[in-house]
Amino acid sequence: TPPPGALALARSLPRPTPCCGVTWAQVTWFKADKMVKLIHTLADHSDDVNYCAFSSSCLATCSLDKTIRLYSLNNFTELPYSPLKGHTYAVHCCCFSPSGHILASCSTDGTTMLWNTHNGQTLAVLKQPRGSPVRVCRFSPDSAYLVSGAADGSIVLWNVQSLKLYRSGSVKDGSLMACAFSPNGNLFVTGSSCGDLTIWDDKMRCLCNEKGHDLGVTCCDFSSQAVSDGEQGSRYFRMASCGQDNQIKLWLISLADFLGCELKYECTLNGHSAPVLACAFSYDGQMLVSGSVDKSIIIHDTKTGSILHTLTQHTRYVTTCAFAPDIPLLATGSMDKTVNIWQFDPKQHCAGSELEDEPKMSIENWSEEEVSVWLCAQGLKDLVGIFKMNNIDGKELLSLTKHSLTNDLKIESLGLRSKVFRKIEELRIKVDSVSLGIPDEFLCPITRELMKEPVIAADGYSYEKEAMENWISKKKRSSPMTNLPLQSLILTPNRTLKMAINRWLETQQKYNETT
């Protein structure tokens, strides 16, 4: 049943041009039902919620109240060191590095701050060159760079390892309101309050500039999945943008460097009756969520353009929305000072598509078919054919390296390779720490093996001595956990941790002797 007045409004409006293969008659309205349900509301901020972001284990939110709050995804309890305080004015945006070890936040105070997500400590305070309020910040997919965009139109590309300004530039007119990196990290897009979408390469060279939204761009996001135009077989990145014109637009950006950079309009998604303030793709690229001044959240099917769900729980403007990377969760934030957590039925999250559960048996014993099921569950359905062609079963899956993904499986996209390798690393952790029952704090972050000679490095983390010495010799002064410079190369034996590991080993030995 359409919302009250929707049909009358629809009849009074001119019929829009069909987009993404969908006609006006095919668009349907969905109430929030068992397919999407509200499971939790966070109400800890004392002012408007401006942004929310997920890592694989945490949710971060930021607010006009000058704070950033961190929550565990296990039960949505606030972490002990939250809230993070350091900004002197409103916090506009926050984002996790791809590894989840660093959180960036930016503020009206003209700074972008980096935080250690394990203990909440401040890692760096990066000052915008002219001190203008910073509206948006984003990490590159490889964590090498961080972009900050400000109200004066300035854009800074920071080197995350050195914490130095790498490149800077500015848009022609207006304030920087939005930014997003392509999945391979070769380019990023910015959106301005004047409505321009600008594409930049990793050297801060302007590749393309296009008027996206007449009244100003508010947000943009890339899908992690490449798409084909269906005609010449060309491959593109898909990007979404939204603006003050009440619209969401989908764009295609060419993947072929030799063709130059082209921002190609694909279609417009309608449904909101007021400015759209936020948009975000699901991690498999099949859904796009948007939040609006009309207080609603709309979830679109990106293949057909149809509306899957309309959620209306917030009582004021919806300012932010984000999908979790590994579980079927959606977070939405509002000027009503709350963040709502929504859960999807993973098997019905997208019309005409089912996401199967991961196989439950031992990963090493997965068959080729079970590996295919796992790929689909991770949003990597396009790789099923490649993995089957190379007879990848569970044992082979766990042995894959970055080198084999590139040279043996011929996965060309850097972003896609990085995502696959990250997912495989997570499986290896499950094998080590879950199947073997080893406490995670006993595992070396570098080797993911039980530590024998744990040492504490200058970054505050413990590592296996030999592994850390090899890391330092190859990676110089960077931290394996944060990618930030190590202030010292001194490694201090962690005798307390070694004693704890030895006690655990003794307990395991006694248990094995009695069973």
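The chain as shown is numbered from 1 upward.
Heads up, the Cβ atoms here are built off N, Cα and C, so glycines get one too.
Pulled from TrEMBL:
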DOMAIN    366-430  domain 'SAM'
DOMAIN    437-511  domain 'U-box'
REPEAT    84-125  repeat 'WD'
REPEAT    127-168  repeat 'WD'
REPEAT    180-201  repeat 'WD'
REPEAT    269-310  repeat 'WD'
REPEAT    311-345  repeat 'WD'
Beyond a gap of at least 6 residues from its ends, the CB atoms lying under 8 Å from the repeat 'WD' (84-125) belong to 47, 50-58, 60-70, 131-139, 141-143, 146, 148, 150, 158, 160, 163, 418, 422, 460-461, 481-484
The predicted model's mean pLDDT over the repeat 'WD' (127-168) is 94
Residue counts for the repeat 'WD' (84-125) under DSSP, helix then strand then coil, are 0 helix, 24 strand, 18 coil
Taking DSSP H, G, I as helix and E, B as strand, the repeat 'WD' (127-168) contains 0 helix, 24 strand, 18 coil
Residue counts for the domain 'SAM' (366-430) under DSSP, helix then strand then coil, are 48 helix, 0 strand, 17 coil
Counted with DSSP (H/G/I as helix, E/B as strand, rest coil), the repeat 'WD' (180-201) has 0 helix, 14 strand, 8 coil
